[in-house]
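Down below is the structure, laid out as structure tokens.
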Amino acid sequence: GAFIMPGTLWCGAGNAASDYSQLGTEKDTDMCCRDHDHCENWISALEYKHGMRNYYPSTISHCDCDNQFRSCLMKLKDGTADYVGQTYFNVLKIPCFELEEGEGCVDWNFWLECTESKIMPVAKLVSAAPYQAQAETQSGEGR
């Protein structure tokens, strides 16, 4: 199956929850992931949406969702939250997107060449801002 962070049901590829209310033992971190999974504006892997094809192996989200996700995890000042944040933003470096007025394709021919485009909100990729670990180290100092 897909990789899900131990102690969570929503952190990782897909989710392992049977319904929205179900959370893992790392409840606070899991809530951040669940909220991010329910972001309104996203483009799944290889999907064409907002005038752009997502060539990443995972879903990319609107930057508002990724910024909320980062803040949610950082507020917890917790090792598990830091691990999830560092994996998503620093290791996988999953970008987010902003929408800008631009020209997007709306119709293609058999060879996948654009035959009709129009002015519409078009997705522009934004590099993931780094995640700063927030948990206290064993000596009591921040990392």
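Just so you know, glycine gets a Cβ as well, placed from its N, Cα and C.
Residues Trp10, Gly12, Gly14 are recorded by Swiss-Prot as Ca(2+) binders, and the candidate that the same record lists for that site, out of Asp35, Asp37, Asp64, is Asp37. The disulfide entry in Swiss-Prot for Cys11 points, among Cys32, Cys33, to Cys33. Checking Cys65, Cys72, Cys96 against Swiss-Prot, the residue bonded to Cys39 by a disulphide is Cys65. The record in Swiss-Prot lists a disulphide bond between Cys72 and one of Cys32, Cys114, namely Cys32. Comparing Gly12 (Ca(2+) binding site) with Cys39 (disulfide bond), their Cα atoms are 15 Å apart once rounded.
The CA atom of Trp10 (Ca(2+) binding site) is located 9 Å away from the CA atom of Cys32 (disulfide bond). Under the DSSP three-state reduction, Asp37 (Ca(2+) binding site) is assigned to helix.
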